[in-house]
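Asks: OK, TrEMBL features for this one:
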DOMAIN    185-368  domain 'Histidine kinase'
TRANSMEM  14-31  transmembrane segment
TRANSMEM  38-57  transmembrane segment
TRANSMEM  63-94  transmembrane segment
TRANSMEM  101-123  transmembrane segment
TRANSMEM  129-148  transmembrane segment
Amino acid sequence: MQKWYQIFQRNTGLSPYVWVVFYILPFYYFSSSSTSHIILGTAIILVFFACYVLAFVSQGWLIYFWTSVQIAISITMTLLFSYMYFSIFIAYLIGNMKSKAAFTTLYIILMVITIGLINYGFVSQNPVFIKQIPFILLNLIGVILLPITNFNRNKSDRLQVQLEDANKKISELIKLEERQRIARDLHDTLGQKLSLIGLKSDLAGKLLDQYPERAHAEINDVRLTARSALKEVREMVTQMRGMRLEDELLRIRQILKAAHIELTLEGDPKLEHTSLMNENVLSMCMKEAVTNVVKHSGATACSITIEPSRKELTLRIQDNGVGITGEYGALRGNGLQGMKERLEFVNGCMELRSDQGTTLVIKVPNITEKPNEEVGP
């Protein structure tokens, strides 16, 4: 059960009720009326106020019912006392409708009735009405503009809420994808090597008595495998922390230098308009591409070109090796699939060309964008 102080809905605040101060205005029009008219007018004001509050706290068809009652009361007050300012309250209420059909219907009805009552006032030449013409015209402007402004603002607020919900879902999906990636990496690195360590340890135990030299060799393999696993885990941790393109290029220089491959770099590796996540993906793809160049291409030169633009960043890696042929093509194909999956995650793309060597073009967007109920159904 609602408390008396809960009639002010949180989603609308106090703004719908600030206008209630204007309820004192009708009493000016009662000043020259009879006692029965004063009592009737006061009762109508109280009923209108009750309907106004009920329209904000109700749901479904009751909203339209209480709005219709308010329109009827506004017509009555205009005909009896030449007071037509209730229409501005109704206009505010209509602007809070969620349904576009309900908003349009009630807006047209209110407009037709308001204009009709103004025409009636001019035709009847009621002196009280004639004195109010400037204020009535201002009221008419409010009736025209207020519902549209309110409806569009509320629609924008709802879209903002939906956008925030979508961003939260995207954030959760990113976390899920990252967990899955970590699980895959752990399986590929630790899983196989731990299995190998287990097998070799069992074998060493069986060979220890009869073939101690072979057992010693197996134990040595276990030690080397454990070191290799530790190294790969450290590399994974480094990747999880995120790689800057500038830092990765330093490591690539060392790798290419050790492989006697000449590196040519064009462009600034300091990226100012690319998100950290996109830069991390770009660095990982560049690392994979250069690893393929060193291991399989047989190249003597490699060029890396960084081409930033307003919307995207282009990274071009080119070598003068054998191109995509034979065993190298099969090995590179596996690496390309991993790069493609990473790039799809950040809405990036890649293109591979093999002409007098191999050229890999990678593009990522500069920015990857990781929202109050209103009245009415």
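Glycine is treated like the rest: Cβ placed from N, Cα and C.
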Asks: What same-chain residues lie close to the transmembrane segment (129-148): Cβ under 8 Å, and 6 or more beyond its ends?
Replies: 82, 84-85, 87-88, 91-92, 94-95, 103, 107, 110-111, 114-115, 118, 121-122
Asks: Can you tell me which parts of the same chain pack against the transmembrane segment (101-123), counting only residues 6+ beyond its ends and a CB-CB cutoff under 8 A?
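Replies: Residues 64, 67, 71, 74-75, 78-79, 82, 84, 87, 90-91, 94-95, 129-130, 136, 139-140, 143-144, 147-148, 151, 376-377 contact the transmembrane segment (101-123) from elsewhere in the chain.
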